[in-house]
Amino acid sequence: MADHQRIHPVPEPEQEPPVPKPTVPLVPKGSFRSEKGDPEKQQPLRRTIPYYPPLKPPKKRCCACKRCLCCTCCIFFLLIIIIGGLAAAFYFVFQPKIPTYSVDSMRIRQFSFNTDMNLFATFNVDITARNPNKKIGIYYESGSHLTVWYTGVKLCEGSLPRFYQGHQNSTVLSLDLSGQTQNATELLQALQVDRQRGSIPLNLRAKVPVKLKIGKLKLMKWKFLVKCRLDVDSLSANNAIRIRNSDCKFGFRL
């Protein structure tokens, strides 16, 4: 009996998966993905502004400015010390004192009203100027102005003569002042009231340009300002005018 052959299936050998072929990369080397990517997936480009940090000023320049400021302050304080020292030396060496003035007497030569109520006044005033300084002389220059006022109205005016006043000298000045006041009706009414009280207030003001002499040195021009308040008993012509009270104040300016 013939042997029966058995046929067994022979398993096929396992096939290896095919090796994929190399493909060209979508993004070449050295390029950004955003340059070659999918246009639908690309986001819009954003332009960025470069950031520059604030510049700091050079330290050398800052130090130079501080040094210059310190030098300026030092020079300023040094000048103050020098000026103060010179002023102190001047005071101790020359011992400056303020000149004094007084109104000694007053005479009225004319004080009358015309039909238009215009006032005509002529005064003669004696003023004593005293220079108490031992080492300072006073040159009274031309251009002085002297006025007499009553209730804010100028009655008369004049000027001082030009002269030199030496050390510790007292000079009596006899001055003639004259003036005219128009429409003096209100002035006359106020004058009648003050006459009844027996006291008439007057103001005498003087502006006098002077130069000080220290040794042989003649300094720049100053302006003396003198204000005197007077109380007199009357303002009648050809009568003795008695000064009840006199108070003079002194000032100066360049």
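The backbone N, Cα and C atoms fix where each Cβ goes, and this holds for glycine too.
Just so you know, TrEMBL annotations never went through curation; they're auto-generated.
Quick look at what TrEMBL lists:
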type	residues	note
COMPBIAS	1-11	compositional bias 'Basic and acidic residues'
REGION	1-48	region 'Disordered'
COMPBIAS	12-25	compositional bias 'Pro residues'
COMPBIAS	32-43	compositional bias 'Basic and acidic residues'
TRANSMEM	68-94	transmembrane segment
DOMAIN	127-228	domain 'Late embryogenesis abundant protein LEA-2 subgroup'
What else in the chain is close to the transmembrane segment (68-94), if you only count residues 6 or more beyond its ends and a Cβ gap under 8 Å?
133, 135-136, 214
Under DSSP, the domain 'Late embryogenesis abundant protein LEA-2 subgroup' (127-228) has how many residues in helix, strand and coil?
13 helix, 65 strand, 24 coil
